[in-house]
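Encoded as structure tokens, the structure appears first; notes follow it.
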Amino acid sequence: MAALGPSTPTQHDQRNDVVVDEETPLLSPPTATALRRRRSSARRATFVDWGKRPQLLLRGLIGLLALLFVALLVLVFSYRGNAEDSRPPSKPPLPPLDDRGRLNPPNLLEGKHGAVAAENRQCSEIGTALLQKGGSAADAAVGATLCVGVLNMFSSGIGGGGFALIRAPAPEENPSQAGTEHVVIDFREQAPAAAFEEMFHGATEKAKFGGLAVGVPGELKGLEEIWRRWGKLEWEDLLQPSIQLAKEAKVGKELARRLGYFGGFMPEKKEWADIFLDAETGGFLKEGDTIRRPAYARTLEAIAQHGAQAFYEGEMAEAMVKKVQAAGGILTTEDLQDYRIEVRKAINGTWLDGRRVWTSPAPTSGPVLLGMMNLLRRLGIEEERHHEQHGSQGDKDAARRALWAHRLVEVFKHGYAARTRLGDPAYLNQSALAEIAQIPTQRRAYQLAKKVDDTRTFPIDHYAPLFDVPEDHGTTHISAVDSSGMAVGITSTVNLIFGSQVMDPETGVIFNDEMDDTSTPGTPNAFGLYPSPYNYPQPGKRPLSSMSPVVIEDAQGRFQVLLGAAGGSRIPTSVLSTLLNMDIKGMDLSQAIEAPRLHHQLLPDVVAVESTFDEYELDEGLRARGHQLKIDDINLGYASVQGVQARRDGKESQEVTYLASSDSRKAGWAAAY
């Protein structure tokens, strides 16, 4: 991912309008002085004293043998070090941080009535304030999500879309009603009606920046549906805090960093410059400066008064369509009017100690997450838990941890091979749907376990990916839980940082570039895989997503944990790593979120390792087994996890304490009361 967001093979550097590739060499090109020295050395080497020819020949022979010996050594060591030498740069292609410590200290907030974890402290506090007013977890999650769209608009906003996972217990006033619901609200952006498969052929940048990159936004309809079904407060109550912040707020550390890294396009676009540049200095707003988004505030006021429909019809819709089309897009007012959310059943599986795991179905990566959890059980993760929590710290334990680092990466690789089979279910045939249904099954985990070799990793084709799929990008996630045990996890996005870089000055809406998550027909990649036809642009189709929020219930069916993440393609591995840190290593929620992570998404064939990961596990667990590594600065926030956990004193205890934590990688801070 590009430094502050998800990892991408290339990321546009807006400050100097160049494309920075992860294959950028670690060494600088030779200077002019160095080149002159080399040429001078070459000229000197041509002068020979032929009067001393025999001695020179003998010396030359000895020198030649020495050179051959050195060359052999170089060949051996270059082969052994090939994984390091051919990897992408160990540091992402962005400026260094101002401080080398964590963006924020780790945080673990505790409350008796509920908790909210968002990537922005004010947004977490807005969520808990709504709980204190008598609101539900649905109210809190919606209010916090709207807040992130105002303060961290580089990640999400009403010009984007996403998914929500809801655990809704039966109402206390009607206990005879059927038990707990587990529902997914799909408000993912979809392709406009004029979209077609070849629309980005030979023009891939148009899928990232400009009007053609814009998918039909779904966020507002999704948030309104969550509130309509499970909210307790008035709709206006959820929007009012964000309206005030849009009128005037302080720039946070994370926004200031993103402006410096990705705001290079803004000075040339008045609607952006008016908001994000200091009128006196002409520079970007800094942390602590006042930021005002008056047009966006007016838009939120209209939505508070008239509901989400004000966004999808009438003057507001016409203004947005006009702007997107002027930027080269194909969005129409009919696209906005015709947008519909999808209500899906959550999918589930079993986990350690008889617990049940709930997550979202395709087109998200929830099936992949469940499949990876099943494979871990087949590989003996329960035995590993016993060793971690009751073993010693000797050499055998170090070797065992190194082995499990390898096993975890193999699980990731098999999981992301399965991810190449995902797509929008509405556009898949029965055969493709049947393949997706097999991903989270125990039978498939049994088959894959036989393909895991504890001594080595394998080339790409061993994992049987079906297609090449694009890497998706930055998001935000909010986790909210109330005293009834309702849990709401909302993951939303505008995709790349600041989306498509298209903003409507009339409404203040920043539009997504979700069409970049689609695939373009064409030639195979370096591994011989063709782009996935399941993910080609078609009218109304929703792109594949890495989003995978998860709710875990204990063996008695009570709420235990809600986790979700931002970070594009790294979301499933980040959620799973956090869960393993809690369940296998016995970490508390904050420790589990903050611990360094591994990531492998099969393509490219490289393990991304956060910089504070244990060196022995990297050397003996991964390098020795043939894995290629890329070291990432843990502070650069590739993926950020937000979680809420219920703590009970005993199995039968009805007393619950809610713990919440937000990832310091993205300057997050949770809230509870």
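A Cβ is built for glycine as well, from the same backbone N, Cα and C atoms used for every other residue.
Annotation comment: TrEMBL describes 1-28 (among others) as region 'Disordered'.
Annotation source TrEMBL lists transmembrane segment at 56-79.
Per TrEMBL, the feature region 'Disordered' maps to 82-110 (among others).
In sequence order, F163, R188, P363, T364, S365, D472, D517 make up the list of same-chain residues 6 or more apart from S545 (L-glutamate binding site) whose Cβ falls under 8 Å from its Cβ. The DSSP secondary structure for S545 (L-glutamate binding site) is coil. Marked as L-glutamate binding site by TrEMBL: R188, T493, V494, N495, D517, S545, S546, G568.
What TrEMBL records for T475 is active site, nucleophile.
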Taking only the Cα atoms, work out how far V494 (L-glutamate binding site) lies from T475 (active site, nucleophile), in Å, as a whole number.
7
Determine the Cβ neighbour count for V494 (L-glutamate binding site): the number of other Cβ atoms within 10 Å of its Cβ.
34
Rounded Cα-Cα span from T475 (active site, nucleophile) to G568 (L-glutamate binding site), Å:
6
Let's check the environment of G568 (L-glutamate binding site): how many other CB atoms sit within 10 Å of its CB?
28
Rounded to the nearest angstrom, how far is the Cα of T475 (active site, nucleophile) from the Cα of N495 (L-glutamate binding site)?
6
Going by DSSP, is N495 (L-glutamate binding site) sitting in a helix, a strand, or coil?
coil
